[in-house]
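Participant: Before we start, here is the structure in question, set down as structure tokens.
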Amino acid sequence: MNLINIAIDGPAAAGKSTIARRVAESHSMIYVDTGAMYRAITYKYLQEDKNDDFQALIEDVSLKLVYDEDKGQRVLLNGEDITDYLRSNEVTQNVSYVASKEPVRTFAVKVQQQLAAEKGIVMDGRDIGTVVLPDAELKIYMIASVEERAERRQKENEENGIPSSLNELKKEIEARDHYDMNREISPLRKADDAITVNTTGKSIEQVTDIISDLIDKVEA
């Protein structure tokens, strides 16, 4: 079997991370959560009292992704495991702003491309198929309704002990979509050769099966 890279892009809470992780497990591939990288840098930004000197911020950042058999992917920032802090409301509310900055984007893309160099990677984000891995053998553009995405985010927040309002989450997701699609650097958009997968009303297993079928066709 030839090793391939899979790029999964799409808006917030479309199911990218959950599906990417499941696909990687079922095909013995390595999952790379690029969103966690940007959240880690955002966490650092917040620790630095929102200092907007992003070049200086990046120069003081060392990111490492490690894989724990029980806990899955963990994110180490300057040697400290900060994974459990990455889904906080404060990080979520600031990550789009931080991720849009050129020094941050350049740093993260370089790390992501290094991770994918040996192939066998499933990577999800906003600009994987368009910027990070433009030569990926399979590109997926994952979408879902705002309503369902808000419900998923609320459930995720509840599991992490974070209270949230469904209506507020809808507004946040719509605002995030607008920001991501209209930012100057690496805006969210579907790659010309990406295949759209709508996850609305579908189970994790159903979406995983759809993508597995696409993988089989690429590898055939």
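Just so you know, glycine gets a Cβ as well, placed from its N, Cα and C.
Taken from Swiss-Prot, the feature ATP binding site covers Gly10, Pro11, Ala12, Ala13, Ala14, Gly15, Lys16, Ser17, Thr18. Marked as region 'Disordered' by Swiss-Prot: 150-169.
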Participant: Are there any residues in the same chain, six or more apart in sequence, whose C-beta is under 8 angstroms from the C-beta of Thr18 (ATP binding site), and if so which?
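Facilitator: The answer is Ile204.
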Participant: Can you see whether DSSP assigns Gly10 (ATP binding site) to helix, strand or coil?
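Facilitator: DSSP assigns Gly10 (ATP binding site) to coil.
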Participant: Other than Gly10, Pro11, Ala12, Ala13, Ala14, Gly15, Lys16, Ser17, Thr18, which residues of the chain come within 8 Å of the ATP site, judged by Cβ distance to the Cβ centroid of those residues?
Facilitator: Ile19, Asp124, Met142, Ala144, Arg149, Arg152, Thr199
Participant: Which numbers of helix, strand and coil residues does DSSP report for the region 'Disordered' (150-169)?
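Facilitator: For the region 'Disordered' (150-169), the helix, strand and coil counts are 14 helix, 0 strand, 6 coil.
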